[in-house]
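Comments concern the structure below.
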């Protein structure tokens, strides 16, 4: 088990190194000179050269990368080109808000998607199965921002059940209950597509498990169908479900960016959107890096749990 | 239809049979029409006896066995006639809830595929304990003790340590012993063994058959042994029923039928057991005759002419 975890952690570190390279190259590949962004259209060449020197942009690219990497390791993500404060101070609070939103969406995905898939598999070809799979297919086909607008229109404006924007009520912020109320619509909007994928995958994996010989042994032992489904089938389908969930977190984080913009959620997505339109490269880099790190970390976690969940791979890892 | 030979009585004639199947028919709706997989079958398992249900693939023997447990797992299958009397009660009229008490509690199943018959994600001991607690309503420690007893009965080496093993850590023969232990844990009166040695090595097959025979002798468990192998019948069965195309074509005391098979089909099956030297006249059942007909009224004996020269 320790060997498995060590191997996964090492490969994750390598992936993170790759991520930092790609994030660093963002600045090099995107047209436009950061110095010109700071100084504006009418800057003199001398002023631009001065700023380039201050930013280290005149050094060879390898040196720039080493500087960047060194900064990362010290927790220094650079300084924003627009607001002239450390990027980390801008990005970190936003990142926390994004984690709240993504976490809530993930809870919905897993809490609804997995049981839905299990029940659909149990009642294969029933009305419930067909209806839930049709709805989840439709859900997966609708773009997140469009779904967000529909939710705002119906639950926010027509019914008036939920607030449509922000994280807290701006006039009388009400702590956790207020936050939860504001969380409902964006979390649902962000959750829909991954939820549909998770439900469909859970269904097909469970169907496969229910075909296995040992399920017949369980039935022949007199176990009730509910125990077979929720204990044995779920337990055997879990490694694959967890893998899918890990991958869907990536999709979730991508969707969250749109959702944050539509719902005015003060998260990383909204910040990235603003920073991209302002060409604030260090902030964009930091935002992308944070999202990539979360994705990689979640999948590391998923990999390790799959190892823990499947007794067979546990054995191999030790051997 | 032709009336099969009534089963020869073994043991004390005064005791009622454990299992009596009367006039059982099962039909499957297929894309090309209705197929009658089990056709008015009568079977009897005497108390303490071992009935061998013999036939080739697709002859309906496994379907018959699963009917007893109410486990024909297809929505396309339908039991169209008959009754399955187990200790005097008709199992076909029982509710699903009542059948759950019968399964694993009063009738145990040892299924075909020993290698995949155990849940790979749970320890051997936990799988046994789950079944024991389900039927006997005892606390965990008592259940663990009963589980260990069961593993001792099936002679699993190092049983106490094996309780904590996962199925993949056991060999095929050991896994089948565990499957038998689960089936026996609640001391069922009847054990259905559906080709219990198919997935195993030849040497291990013999051990498993001997184990089943020991269980029959020592615990008095009656058995329904589904097999295609007359060698198995000769080794352990008291009575035998030969099944073909959903019907019983011959039934009687095992020794008698092996010595004097009346039906040419039975001879065909017996000749199908591989031997080192085959005589010229011996041959297997022609493959073209194995498929079930799509609902035509046809005698299961219709092709006996094939064997007229044998």
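The backbone N, Cα and C atoms fix where each Cβ goes, and this holds for glycine too.
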Transmembrane segment range according to TrEMBL, out of A:133-159, A:214-240: A:133-159
Stated TrEMBL location of transmembrane segment, expressed as one of A:74-94, A:179-199: A:179-199
Among A:12-30, A:179-199, A:241-266, A:286-309, stretch most in contact with the transmembrane segment (A:99-121) (C-beta, under 8 angstroms): A:179-199
